[in-house]
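Read the structure below first, then the notes.
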Amino acid sequence: PPLLCTSPLSHSTGSDSGVSDSEESVFSGLEDSGSDSSEDDDEGDEEGEDGALDDEGHSGMEKTTEEQVQASTPCPRTEMASARIGDEYAEDSSDEEDIRNTVGNVPLEWYDDFPHVGYDLDGRRIYKPLRTRDELDQFLDKMDDPDYWRTVQDPMTGRDLRLTDEQVALVRRLQSGQFGDVGFNPYEPAVDFFSGDVMIHPVTNRPADKRSFIPSLVEKEKVSRMVHAIKMGWIQPRRPRDPTPSFYDLWAQEDPNAVLGRHKMHVPAPKLALPGHAESYNPPPEYLLSEEERLAWEQQEPGERKLSFLPRKFPSLRAVPAYGRFIQERFERCLDLYLCPRQRKMRVNVDPEDLIPKLPRPRDLQPFPTCQALVYRGHSDLVRCLSVSPGGQWLVSGSDDGSLRLWEVATARCVRTVPVGGVVKSVAWNPSPAVCLVAAAVEDSVLLLNPALGDRLVAGSTDQLLSAFVPPEEPPLQPARWLEASEEERQAGLRLRICHGKPVTQVTWHGRGDYLAVVLATQGHTQVLIHQLSRRRSQSPFRRSHGQVQRVAFHPARPFLLVASQRSVRLYHLLRQELTKKLMPNCKWVSSLAVHPAGDNVICGSYDSKLVWFDLDLSTKPYRMLRHHKKALRAVAFHPRYPLFASGSDDGSVIVCHGMVYNDLLQNPLLVPVKVLKGHVLTRDLGVLDVIFHPTQPWVFSSGADGTVRLFT
């Protein structure tokens, strides 16, 4: 029956060549083994119809086997239909990539949340393949499968397809900008349809249009409109051009104030000087050079000679030879005419005094140190560092001769000499007046000494404070070791030794006198350490390094630490443990650092002879850059009370400047250099190595490479 003949069309398992692509998709595993609910309904309807047709009352199982038997032997109409469908798709010229999926022009993203990817020609779902492979399996496939590079995923079915050699070659041709067809030649010779030969028959035998020999009404209307415009004067007829070329003055309408207007100020070249008696062929005898004058003339440079030739005497004009320098002189004259344009220069009458900024006179900015008062002699090598006691009565100096010397400021008398057995890189007197303590950086350790000068009660209380420390039962893990001094060292004044294992380059105290910061000559985040004297604790405040640290300084009023590296100065908040500001000095190598007593301004010295002033409230860029020194700056310092700051350099001079900082935030600091102090002798190309002010008087101390300390008052 026809019903049974046509229904197995989609379920045929025959391997004949007439099977269509849609039939192949059924058996290519594109859908799940379970059938859709619509398919079950269709089959139920077919079974119902079969039951109605079946008069013998066979069971459902027999009907199914009968259908399968009939399906295995397809009728001729089925074969014709399948062959026709296969031919149709074989001749299909559409651009569809896969005719198994019949969803049409629908975005495939709509099927992302569904287990199927579309429907086939019979309306059944095309299920996505199960993707149970992880990235490791894909990587193994990529390594093991030699055809992995030519495997792509079909978006219409979700299946992996292996490209053939022809498809790979087609992709490569398209990627390189070639035509897809190999046999297509884009440069074929053109066919000349209309040749130059006269033919008997015309190309086209079409009769001529009527409009080709009847006047056009549209053109007649256009012409009438143009004639009316010419009569009214709206359209001017073209005048014949004058063939003669016109010349005009290029600079006639030039603005005299413009850039090209300067050519109006052209000055003609001066004429050549007329020849004098020396050029004559028969000059007077006083113009002829003697033998000595001729030798002197020949030894002179050409630019230094009064005459460019030697005067000679000839008996007659016929005996004068050709001038040898004729061509050279003509050439030099031509160069002078076209390579040396002359013009008038507009001179501006400006008083040079008006160009200098108005600064107050130095005598109005007194007091400041002006002359050398005392020289402290005793060191046998260069003096690297200085420090003054809080009261201003005592001075300590550290030298390369391996000793610390304690001086009385007023008399320049060396009160005490403490041998430390190494180069003293830095020394700092404790700023607290209740503590008599000096910190000195010697090689890899910091020495804490009690000089026992001045008030005996203060010196005794300092020893009691240090001896009152009770070490904890479990010593904490610290980056430095605190060692008590031996009895011999205590006799010399040494109380504590802080060992670091790396060379110490600087030591500086906090304003309250309990904390001190040291700089180590090492790489990494342990370049800066902070020690607490009362609890004998050491800590490294930084986790990572930002370059080689040169100098550190505590803020005088707030919990800030300034760290100067080679190219920048960083301002850290110690309580919040964060970076607050980064100052950019615009120098090659920062050498020294000082903080204003008010805390809002910072000065930096550098090895490229610059002194940079920063206003922390203004910007992270320099407020002023001073270049007064000729050589590298070694030290800078602020005065604790007076508006003064000083800088010491390798040129052997100390420059004292007036630096007034106003309470009015709208007024910028006033910086005026007031005095250059000289006295140190240059030794090994080194001059002034350290500069420090007296705590109460407008005096400045300087230490030099000549082994002396000098006081300027």
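Placed from the backbone N, Cα and C atoms, the Cβ positions cover glycine too.
Sequence annotations record features per position, and here TrEMBL assigns compositional bias 'Low complexity' to 10-32.
The feature compositional bias 'Basic and acidic residues' is assigned by TrEMBL to 55-66.
TrEMBL lists 111-369 with the feature domain 'BOP1 N-terminal'.
Marked as region 'Disordered' by TrEMBL: 1-79.
Taken from TrEMBL, the feature repeat 'WD' covers 376-417 (among others). Residues 423-433, 438, 440, 449, 451, 453-454, 493, 683-684, 686, 689-697, 701-711 of the same chain, all 6+ positions outside the repeat 'WD' (376-417), place their C-beta atoms under 8 angstroms from a C-beta of that stretch.
Annotated repeat 'WD' per TrEMBL: 626-656 (among others), in sequence order. Here the repeat 'WD' (626-656) has Cβ contacts under 8 Å with residues 367-369, 591-597, 603-613, 671, 673-682, 685-693, 695-696, 698, 700, 702, 704, 712 of the same chain, all six or more residues outside its ends.
On the 0 to 100 pLDDT scale, the repeat 'WD' (376-417) averages 90 in the predicted structure.
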